[in-house]
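Swiss-Prot annotations:
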TRANSMEM  28-48  transmembrane segment
TRANSMEM  56-76  transmembrane segment
TRANSMEM  102-122  transmembrane segment
TRANSMEM  126-146  transmembrane segment
TRANSMEM  164-184  transmembrane segment
TRANSMEM  207-227  transmembrane segment
TRANSMEM  250-270  transmembrane segment
TRANSMEM  304-324  transmembrane segment
TRANSMEM  345-365  transmembrane segment
TRANSMEM  375-395  transmembrane segment
TRANSMEM  406-426  transmembrane segment
């Protein structure tokens, strides 16, 4: 009994010390993985999906964005929570549940690596064509963007990635919020829409595909939870991060990106919704349209501001996509092969593969990027409930096991994600027609 009491007293003392060590200095020092997650999210869902939802439906889909971020919060948090608590990557946790899950994740992840690298590289290059004073072919610009991103990762490693992502997110947040404030001051909450304008309704089956695409990558695909887990491990190799500070970093990144999703919705709602111009749905054409709309509504000087916002979105996403997906590919393959550890050079090989494979798609299969990206989005959305459940199952035990309100939120979120997935499958199968 005495030994048991002594152990409990020791654990209480240890926990108290951990809490006391969590200072504002340690919190800011821990920032990194959460910011990287936010940087990966804004290019995938915000600059296109959020802004288009505002342009087409005004403020109506704000509730969907809020709910998607709210109900996905636990499952992204659990990836970080498991790693901080156990010292293992989320993929190691998947392996404990069964090797089949690692295989499924690996196959989906390799496909997503190639397609997402090509897609974000193309979009980033397309944005550059709007601001460069000379005409440069998009594939050439894609080569430059992906080449620069790869060089940063190969030469600077995690430390440079960590620091660069913070600068990108600070610049992106300031400029995006400034653009919305200027648009509000010029046009008011109604934006450019006439007073008697009747918005199209998103609450019908015809709009389900758009809503599913918005939700699927809002704030990011579910595999980002595994990627974020890898970034937590990388951060702990270069800096001491406590459990409390690691969760704080995650909350800053996740809540920040959720707020930015609404800010990007406002970009579309204030200058495009209700205008006479039909909203483009293709990524590159849509960003060109958005830039032109801001220039005509606010002033020609705003063209550079919106182009800068769009470029920072996509450049930050390009870097984090190549790094994050490469890390999870290396870790997945290590676990499949049963190796104890992987060499640092393996990550360099994976990064190079992601870059070259993405460029191959751009140069030789350019027309296939759209359909392949759509398939990647659908696969990500359909697999979300499975990996969300796995993430939850890994934090039901242990020192920081999930309980109370967070457990209830995760259960409601799991039902929410599963229901939408089944609804989407039913629509695609034609059962709702």
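A Cβ is built for glycine as well, from the same backbone N, Cα and C atoms used for every other residue.
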Check your understanding: Among 102-122, 126-146, 250-270, 375-395, 406-426, which stretch has the most Cβ pairs under 8 Å to the transmembrane segment (207-227)?
Key -> 375-395
Point to revise | Spatial neighbours of the transmembrane segment (406-426) far in sequence, C-beta under 8 Å, 6+ residues away | key: 67, 70-75, 77-78, 208-209, 212, 215, 378, 381-382, 384-385, 388-389, 392, 432
Review point. Apart from its near flanks, which chain residues at least 6 from the ends of the transmembrane segment (102-122) lie with a Cβ under 8 angstroms of it?
Key: 43-44, 91, 94-95, 138, 142, 145-146, 149, 221, 223, 226, 283-284, 314, 317-318, 321-322, 325-326, 328-329, 332-333, 335-336, 354-355, 357-359, 361-362, 366, 369, 372-373, 375-376, 379-380, 383, 386-387
Check your understanding: Taking the transmembrane segment (28-48) as reference, which of 126-146, 164-184, 250-270 has the most Cβ pairs under 8 angstroms?
Key -> 250-270
Check your understanding: Should the transmembrane segment (345-365) and the transmembrane segment (126-146) be scored as in contact, given a threshold of at least 3 Cβ pairs under 8 Å and pairs 6 or more apart?
Key -> yes
Point to revise | Folded-back contacts onto the transmembrane segment (304-324), same chain, C-beta under 8 angstroms, at least six residues removed | key: 36-37, 39-44, 46-47, 113, 116-117, 120-121, 123-124, 127-128, 130-131, 145-146, 149-150, 152-153, 161, 164-165, 168-169, 171-172, 175-176, 178-179, 224, 227-228, 230-231, 267, 287, 290-291, 294-295, 351, 354-355, 358
